[in-house]
Every structure is written in structure tokens, then in C-alpha cells.
Amino acid sequence: MTEEPMRGNRRSFRHLPQNSTNSDVGPPAYQRGWSANIPSCNAQLFGKINLPVSAEIRCVVALAITCVWDSEVVLRGFSRNSFHDLKGCFAKHMTAQEVRLCGLLLQEHFGEVVERIGTHLLRGGAQNLRTIANETNTPLDLVKKSLCVLVQHGACEFGSGRRGPGSPVEYRASCERVLRVLRYPRYIYTAKTLYGDTGELIVEEVLQRGHMTMSNTVKTVADRLTHNMEEGRSMEYSEVVSAFSKLVETHFLQRCPPVAEMGTAATSTTPATPSTPAAPASTSPPTAESNPDCYKLPHVTLIGRGKRRRSSDDSEEQRGGKKAKMDSESCGDEGIYWLVNFERFHQHFRDQAIISAVASKLDQTSSEIVRTMLRMSEVTTTQTAAYTQPLSANEIFRSLPPNYSISRPILDQYLSLLVDDPMEFVGKSGDSGGGMYVVNLQRALANLARATLESVVQERFGSRSARIFRLLLRKRHLEQKQVEDFAMIPAKEAKDMLYTLLSENLVQLQEIPKTPDHAPSRTFYLYTVNQLPTARLLLQHCYKTVANLIERRLFETKENKRLLEKSQRIEAILASLQASGAEPEQLTEVEEMITAPERQQLEALRHHINKLDSTENQVDETVFLLESYIFSTKTKRERGREGGEPGG
């Protein structure tokens, strides 16, 4: 019987006996009590790890398991994993909604076999090739091909196994990287906005292939642009090289780490001793910053123009021969592959969100000043930075666009207005050079996430509930009577709204007892909103929404598969006839092969799918804001620990 991965729904564990010692299942610690939990904390698990079972270890593991169950993590049988796998599971846990969404994205873009392998790795953690094939009942050849696809697109990392050098190579899927597939249309559209059609096709080709050499990218994009041009015109390689260079200079494209470095990093493990088990292999590839030539363009000799694609080139065999011929040509960049720098795109999205917020809160001139500050420090500001690089008022004044002909005193007034604004998007860090100014990135993301939460509450529960939610965000802790008075809402309605928000986990209730017995008559009950946990909750709802949208789109496509295939065949026939110079009567006759009801059904289907795609992109914008806010709070806590300050 195949063992199903378990989800941490605490209601499903209430039927178990209170003294259960099963290492795979068990009720949360707070239901059994700490005194009952610590002595029976999975002695079987510790026996397999060969560690002394002390009360401290039992307490830590019980606390970790409780936290994992409370956050609804997809669990795997702990009794078969080593202690380091257990620790890694807690460090990089994934929720059920994330795994479900990753599976749908893998299925839609790479097929069912890759989806099966990828989902299994997401749920089971690092595994070797034989284990993956046995547990998924998939032929070894298909497993190898699926892993090649995942590694090619950066969705899977590999390294030596738990037992150190010489053990079988293990593979680990990256949930975060798979979720980036959802944002592919936005990456491509951003490249089109910044660098035109050439930049759009460059980013699209690299995303579709995972990584490519510069020469192959330039030739492929030039051929595609030439095919869409008028007869007799073609795209020169030099124009595509120019667009590629701009993408690299602004860090939207970066080099892949060399294979030797990946192998070195992957095999760096701590040797095992009789008393200390081997540390898990480091499967993370080196970062872009670790490669000094990350943004260095190779010297490529590309002279020529794009070639127009013939109809005979569409056969699979000829395409393969053409690709082999292209690869055989030496251009000087063999072995140097490029990939899309997602973090740089995310930085651009974050900057655009801040600029839009300033424009809606103040005016267009203020947003242009903030845009200038962000543009001046976009390459020098790291992803984890809390502020941009300090800029003097003189530098900002000189860098303003020519069409904004504002005087220096007016600029100083705008900067003072931005610094004094309650949103605190801009801060002042010094007085030299007419004043040193920075953009407070962390504060901006926190305010954007807060506005998103307020908007969600207003759309779901109405303006009065949003008023209560906003009041609790501002006042932090309030009793029910205070909420009624401050929000100016009748007591009965305020109570219903508070309980509705409480049942949806958007509002929390904190008890402050006057006496140790927690008597209700001697206890304060304060309502509060914790922005970070609420943002995490909303993020999971967004993942669920996107997964539902994808499932609906796949269902609609499957239900109308016959009609869509017929439409595609007719469109291919029409394109072939037009290329051969057919007469209008022939084209009309082919078009009439689709009846009026079928045409109407096709239009309704396309309209429906377009609405689903548009909604998916809009939800992804919310997902991006919430992910950026949660990541910024995480880096803030880490900086606090490194500096000896309390995090958060």
C-alpha cells in the first residue's frame, strides 16, 4: 500500500490515542500537554538517529513538529529520514497549496511525467535516482529525462548524498523556482516595455530554453524577427546583440555559474565521524555575486542577418539538423550560458509598485522624483537592502528628466514633503550636498502589504469591517467596547464583524489576565491584527486561487479540445494557402469549414480563457507584493540577529 503524504490538519489527528508512539503520526503537542508529550516523544525516531534522548532534544523536536502541524505543512514519514533531513524539512517547509500550485505549473508547461517527478521531490525532499524511480513507479529513462528538464530550467538542484563523497547523487526540487513560472508573462512584457520587441524575444527564448548561449539567442531571435518582417527585409545580428548587451548591463540577464563551481559546491560536505553523522550535501548552486564575470559579455563574432523560415523547416527532423548546424558554428562563446535574473526583475516590479503608490498618494512630480532616485541606485542596491544608496539633492536635481523643468527650491520642497509623509517612502540620512536622501524599501513594502490587506478585507467583508481592521492596525490592541466607540459602529454590528474577522484569522484575540486563574471576569480581552501572519495567510489564499484558475483553464481547454484542434488545423491551412498565393474564393471556402455555432462557441471560449489569464496575472501581482514583504521582514530579522539586535 502506497503511503500518502500527510497534511497537518489537526482535526484529523484527534481520533488517535493520547499515548501514541507512532513516529509518522500523532496529535499536536498542545492537545496532549507538554508533560505527557516529552517522555513519549518518538523514542523510535531517536533510536534510528543514534542520539541520546535528552529532555531538551525531545522538547525542541516536539516544538518543531507542533509548529509544522500548525502551519499545514506537507509532511513525510519522519521515521525513515535522518535528523538532518528532519531539520531541512523544518527549514524549507512547503504548504499544501504551494505544492499543488507547483504541480499544476509543471503539468501545464512540461507534461504529466515531469509533474509527477517534480511533485514527488517537493514532497519527499532530496532523493537519489533509484529511489525516485521506485517510489513514483516511473521507468528510469523517463526519470532521467524529467530531471534533465528540471535541472535545465533551474527547478532542481543536485549534489552528493547524505553519506558524503561516493554516495549516490541526490536531487532536490526548488518550490520557489517552480513558482517563478507563474510570472513568465510579466517578465516578457517588462522586457518588451523596456527594450522593445527584440528584448521581448530574447527574454522569451531564454525562459523557454532555461539557459542559452549568446550566439544561439541572437541567431534565433534574428530569425524570428526576420520571419515577421516584410518580404525583402531582415534583422541584422548587430541589433540583437545591442539589445542583449543592454539586458546584461542592467542585470536582467546573467551568466550561469560554471559547471566546475557547481560540482565543487555540490560536493562540499562535512565528513562523518562515529559520533557525528555526515552533514547533508550543499545542493545550492553558487550565487551570481560569487561569479566575478557574471555580467561580463564574451567577445562574440556575429556577422550577418536573420534568415526567413521556410515552410519545409517545420519538420522535426530538419529543425534538429538546423540546430546541430547552428551549434557547430564557432562564435567564441562556447560553454558560456545565460539565464534570466529573476531577482532583478523583481526589483523592477517593486520599484514600479512604489512609484505607483507615490503617484496615487501625492502627485506625478513626486513619483518622478522617486523614480529618479530608484533609477540612480537600481544596479547598486542589493535585493536584501533596506534602503537605497544615499543620494544628494544636487545629484537628484541633475538626474531629473529634461521634461521636468522644476527649479531647485521646488525640488527641495518636494523632498521635504516626501520625508514628512506618513507613508515614509523617502527618508533623510544627512545634510551634505544639499541633503542626503534614501528610499526606505522595507517601509514601502510594509505599507504596500498593509494596503493590500485592507483592500482584501473591504472587498470581502465591506467598508465597515475594513474600518475596524484599519483601526486595529493603527491602534494595535483594543477592547470590544473601544472598537465600537472608535469605529462609531453599533455594538451588535461591531461584535458580528469582529467575530467574522476572528473566524477568518484576520483578527486575533489576546487574553491578559489580572489573576493566575484566568477568570473571565478578571481578564482583559484585546483584539489585534498581526500584519505578518495575516500576510502569510492571505498569500496561501492567493496560491489556492491561482491553482483554481489554472485548473479551470485546463478543464475548459480539455472540454473543448476537439473544437480547438479543428480551429488550429484550419488556421494552418489558411496560413499555407496565403503563403502560396491562393485566391480569395479558396480562403473563404476553407474559413466556412467552421460553422457559425462553432465560431460563436470559440469566441466565448477565448473570451473566458482570456478572463482567466487576466485574473491570474492580477492575483500574481498581489502574490508578488506579499512575498516581497514577507522576504523583507525575514532579512530584517536576520540583520538584527547578526548585529546583536532583536529581530522583527
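Yeah, the Cβs are placed from backbone N, Cα and C, and that goes for glycine too.
Automatic prediction, not curation, is the source of TrEMBL annotations.
Per TrEMBL, these features apply:
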type     : residues : note
REGION   : 1-28     : region 'Disordered'
DOMAIN   : 101-159  : domain 'RNA polymerase III subunit RPC82-related helix-turn-helix'
DOMAIN   : 243-448  : domain 'RNA polymerase III Rpc82 C -terminal'
REGION   : 263-329  : region 'Disordered'
COMPBIAS : 264-288  : compositional bias 'Low complexity'
COMPBIAS : 311-328  : compositional bias 'Basic and acidic residues'
DOMAIN   : 453-529  : domain 'DNA-directed RNA polymerase III subunit RPC3 winged-helix'
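Using DSSP to sort the residues of the domain 'RNA polymerase III subunit RPC82-related helix-turn-helix' (101-159) gives these counts of helix, strand and coil: 44 helix, 6 strand, 9 coil. Restricting the average to the domain 'RNA polymerase III Rpc82 C -terminal' (243-448) gives a pLDDT of 75. Residues in the domain 'DNA-directed RNA polymerase III subunit RPC3 winged-helix' (453-529) partition by DSSP class (helix H, G, I; strand E, B; coil) as 46 helix, 13 strand, 18 coil.
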